[in-house]
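Peer 1: Sequence annotations record features per position, and here Swiss-Prot assigns Zn(2+) binding site to Cys104, His107, Cys175 based on sequence analysis.
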Amino acid sequence: MDARIFQDNDDTSLPVNQASVTRIHKKPGKAEAEAAVRTLLLWVGEDPDREGLLETPKRVAKAYQELFGGYSGSPEEVLGTTFEEVAGYDDMVLVKDISFFSHCEHHMVPIIGKAHVAYLPEGRVVGLSKIARVVDIFARRLQTQESITAQIADSIQRILKPRGVAVMIEAEHMCMAMRSIRKQGSSTITTTFTGDFKEKADQQVRFMTLIRT
């Protein structure tokens, strides 16, 4: 049976009311976050009281709630609803070209790229948008690309229990493009395989081939 391929170009914004991850430190309030932004403006040499920056602390705090919305996301909730009546389909399900953004945990500057995610169902499949939502849950945090890749694969494997999961991420890191060596246009590729994708080379080849199709 031929594998099904799906291309995702839709906006997959996360709901903001999902279960929070465990935090070691008490979460500061909105006023404290805005005060921190004001401090940074002063530190870089700006005047936070000039007209163009008066609302900036509020805007930045609000933007960060969206940009880092992954901390309030739960892959268990997203992948909790599955479909078992899939007419016996048990071949690869691949959702490719899932656009995402993240932020480097070292410098807090953007990582921009796309993810390709495949799994081999074991009697259960999920709605295609759910895969993209899982990508966003882990991407919208302070991250490394290696961690995002592994976390996506691990959550799908752990929750859906398929015969295998394959994840490839291609991304450009602004910490390389905007600072230090300043190499614009360079990309980083990371992969994680579980189950049949890890144990069977032909499944990896199929995955890679379908991504490039």
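One is the number of the first residue shown, and numbering goes on along the chain from there.
Cβ atoms here come from the backbone N, Cα and C positions, even for glycine.
What you are looking at is a predicted structure, and each value in this text was computed from that prediction instead of being measured.
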Peer 1: Using DSSP, would you call His107 (Zn(2+) binding site) helix, strand or coil?
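Peer 2: Its secondary structure by DSSP: coil.
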Peer 1: Who sits close to Cys104 (Zn(2+) binding site): which same-chain residues at least 6 apart have their Cβ under 8 Å from its Cβ?
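Peer 2: Listed in sequence order: Pro110, Ile111, Leu142, Gln143, Thr144, His173, Met174, Cys175.
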Peer 1: Would you list the other residues of this chain near Zn(2+) - those whose C-beta lies within 8 angstroms of the C-beta centroid of Cys104, His107, Cys175 - in sequence order?
Peer 2: His103, Glu105, His106, Met108, Val109, Ile111, His173, Met174, Met176, Arg179
Peer 1: Inside 10 Å of the Cβ of His107 (Zn(2+) binding site), count up the other Cβ atoms and send me the figure.
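Peer 2: Counting Cβ neighbours of His107 (Zn(2+) binding site) within 10 Å gives 15.
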